[in-house]
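Here is what TrEMBL records for this protein:
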| type | residues | note |
| --- | --- | --- |
| ACT_SITE | A:THR179 | active site, nucleophile |
| BINDING | A:THR146, A:LYS168, A:THR179, A:GLU259, A:ASN378, A:SER383 | substrate binding site |
There are 2 protein chains.
Amino acid sequence: MSVTAAKGFTAAGIAAGIKENGNPDLALVVNNGPRRAAAGVFTSNRVKAAPVLWSEQVLKSGQLAAVVLNSGGANACTGPKGFQDTHATAEKAAEVLGVGAGEVAVCSTGLIGVLLPMDKLLPGVETAAAQLSEHGGEKAAIAIKTTDTVHKTSVVTKDGWTVGGMAKGAGMLAPGLATMLVVLTTDADIDGATLDKALRAATKVTFDRVDSDGCMSTNDTVLLLASGASGVTPEYEEFAEAVRQVCDDLGRQLIRDAEGASKDIKVEVVNAATEDDAVEVGRSIARNNLLKCAIHGEDPNWGRVLSAIGTTKAAFEPDRLNVAINGVWVCKNGGVGEDRDKVDMRYREVHIVADLSAGDATATIWTNDLTADYVHENSAYSS
Amino acid sequence: MSVTAAKGFTAAGIAAGIKENGNPDLALVVNNGPRRAAAGVFTSNRVKAAPVLWSEQVLKSGQLAAVVLNSGGANACTGPKGFQDTHATAEKAAEVLGVGAGEVAVCSTGLIGVLLPMDKLLPGVETAAAQLSEHGGEKAAIAIKTTDTVHKTSVVTKDGWTVGGMAKGAGMLAPGLATMLVVLTTDADIDGATLDKALRAATKVTFDRVDSDGCMSTNDTVLLLASGASGVTPEYEEFAEAVRQVCDDLGRQLIRDAEGASKDIKVEVVNAATEDDAVEVGRSIARNNLLKCAIHGEDPNWGRVLSAIGTTKAAFEPDRLNVAINGVWVCKNGGVGEDRDKVDMRYREVHIVADLSAGDATATIWTNDLTADYVHENSAYSS
């Protein structure tokens with residue numbers, strides 16, 4: 001159901017000809033109100049694509065009427081002309097929808113350093129607007145795919161109100177957001193400031209803890225739009241939890257579809273002195289190429305987990321570290337623990353627990369194994 | 001010539017049976033004086049192997065009579081028994097050489113989390129001592145190999161004095177040193193404090209700027225021993241430069257032999273505001289898996305260079321970044337530059353220049369491409 005699961009939204013997804021292979025490449029999401037509140041979170045990469053610079057500016061009002069998204073080109077590192085193209089895209093959507101350009105966010109994904117074919121994109125916006133539908137969420141989710149093998153949507157329905165969304169992303173996943181575009185919608189009656197608070201809280205523990213390959217993109221955007229069409233204003237905690245659930249579900253779908261991956265790895269750090277320590281250790285483990293290769297080879301290589309922990313500044317004593325892989329404590333007190341041959345690694349999901357014995361804070365980071373397929377896919381995929 | 005190129009040193013390399021395949025696995029390097037000055041630099045990983053803990057302690061005196069090195073087992077994450085084994089190794093070498101155990105450093109490399117077969121190692125020390133020779137440097141270099149395809153040695157000879165050395169390492173190369181053991185020797189007449197100064201200055205700009213896969217080991221050790229046998233005390237600057245040259249040469253040999261690599265990548269950051277900025281940006285580029293895959297595919301993917309720069313805290317403006325790959329400025333002012341088809345990437349060495357336009361500091365980091373062979377080798381190589 002995607003972005004049209006919540007009342008008050010229409011969407012469309014079409015093939016505008018931006019992609020040379022003719023696949024869908026342009027999506028439009030429209031908030032028909034009565035409210036048009038919105039919030040956004042963007043890449044923390046300092047090299048930001050034109051659409052990110054534009055949408056960050058637009059979001060300052062806490063309002064959005066529509067979002068235009070395209071695949072087939074990231075419009076990143078494209079200079080002043082690239083920014084003009086983003087602006088023109090927003091103007092075109094504003095014109096056909098009868099709203100202000102300052103109420104239109106733009107998201108782009110695809111190759112860096114290439115200008116978008118505006119002669120195809122602008123007519124595409126008109127075509128998409130003509131196809132807007134309350135059932136268009138699925139098509140919109142399909143139109144934002146790049147190397148994704150499946151489109152990703154999620155919906156949580158509560159008592160009279162809904163949060164739904166779509167995501168694209170399949171690699172270059174790293175904290176500070178992944179190479180991903182996400183649009184979330186809700187018909188709850190919520191103001192922009194509250195949306196912003198709930199969205200930041202959710203992304204901090206979901207998308208920010210998805211780390212497929214440690215690479216951070218120039219285009220990452222997560223938007224949350226509220227139409228108020230349900231007439232219900234839920235309690236903040238309940239609303240924030242629903243947003244978190246949708247983000248968590250979409251984040252897991254990104255990991256499952258990561259380029260070339262054969263294993264999804266849940267890195268759970270427990271008994272850390274602080275949550276920051278837990279996150280730092282989790283990321284260090286999740287980014288260790290040697291460990292990621294070992295997991296690919298179904299080798300419960302706890303020595304590489306300890307090596308990764310040792311590179312952090314987190315509080316711990318080496319001789320009090322414990323590591324479990326799929327439930328077997330293969331490392332105890334910094335040394336050999338239970339028999340590593342007991343570890344069953346045949347399944348796609350692998351669960352690593354790193355016990356720092358230093359406190360009671362915890363954090364979970366999701367990553368993938370490193371495979372020859374990842375190398376192949378990213379050797380062939382040009383800039 | 002290796003560690004016996006300088007006068008005053010003898011060495012040996014033998015097969016003690018630590019490796020199951022019967023390959024050489026034990027090396028001994030002895031300083032016969034008249035001076036026995038020494039300095040060492042160790043992994044900055046907080047999870048340190050027993051031999052690192054031992055040798056750090058021993059080096060506090062600024063003196064070493066001998067170094068015992070073994071491949072076939074890292075003696076890391078092996079608890080109190082592992083430390084006792086290192087101690088026993090030093091005691092055995094001290095006994096057969098007639099020196100104090102506190103003058104014997106120990107280095108180990110191989111699998112983590114496995115105790116060494118002391119019933120083979122200790123007799124091996126006796127056998128090695130019986131074979132010590134002024135021509136034993138080459139054999140010693142061979143005995144410390146693990147996944148190395150070649151042994152690595154280097155010698156710089158100056159006016160009446162020499163600096164030589166050997167290294168092992170072929171992956172898990174990262175700053176704070178690589179998974180590498182290095183022993184350097186000189187017959188210059190230099191005290192321990194001066195050796196320490198020259199060694200730290202050299203490793204900071206050589207081994208610390210070799211970053212094959214971002215993974216930092218538990219066992220890294222670089223030792224520098226001076227016999228004074230030449231009777232010459234060179235000027236500090238000249239001596240430090242000779243040490244730097246040997247370290248630079250050995251570091252380059254480590255990169256050339258990195259597991260599964262098909263390209264050696266020189267990442268040169270220029271016009272940075274500070275040297276720290278230049279190193280941070282260079283490391284970020286060198287560790288970007290997507291870029292390393294692209295280079296493997298001979299794709300001059302400058303967008304991934306910019307993405308990597310954007311994750312750093314270095315001083316720069318996105319629209320003033322320039323990137324050259326093999327001499328072609330494919331990115332100018334943060335956008336498209338010269339035609340990327342002009343970039344010739346057929347050769348093993350690839351040269352990336354990242355111009356931050358923010359000052360006049362510079363730094364060079366060496367790394368490798370990321371290949372399916374790397375994944376294969378590190379999936380199969382057990383803990």
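Placed from the backbone N, Cα and C atoms, the Cβ positions cover glycine too.
Heads up, TrEMBL stuff is auto-annotated, nobody curated it.
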- Check each of the binding-site residues A:THR146, A:LYS168, A:GLU259, A:ASN378 and report back the ones whose Cβ is under 8 Å from some Cβ of chain B. A:ASN378
- Query: Which of the three DSSP-derived classes (helix, strand, coil) applies to A:ASN378 (substrate binding site)?
  - Reply: helix
- Sparsest-packed of the listed binding-site residues (A:THR146, A:ASN378) - C-beta count within 10 angstroms: A:THR146
- Task: Please classify the secondary structure at A:THR146 (substrate binding site) using three-state DSSP.
- Result: coil
- Over all shown protein chains, what is the count of other CB atoms within 10 A of the CB belonging to A:LYS168 (substrate binding site)? 28
- Task: For A:GLU259 (substrate binding site), name the DSSP secondary structure in the helix/strand/coil scheme.
- Result: coil
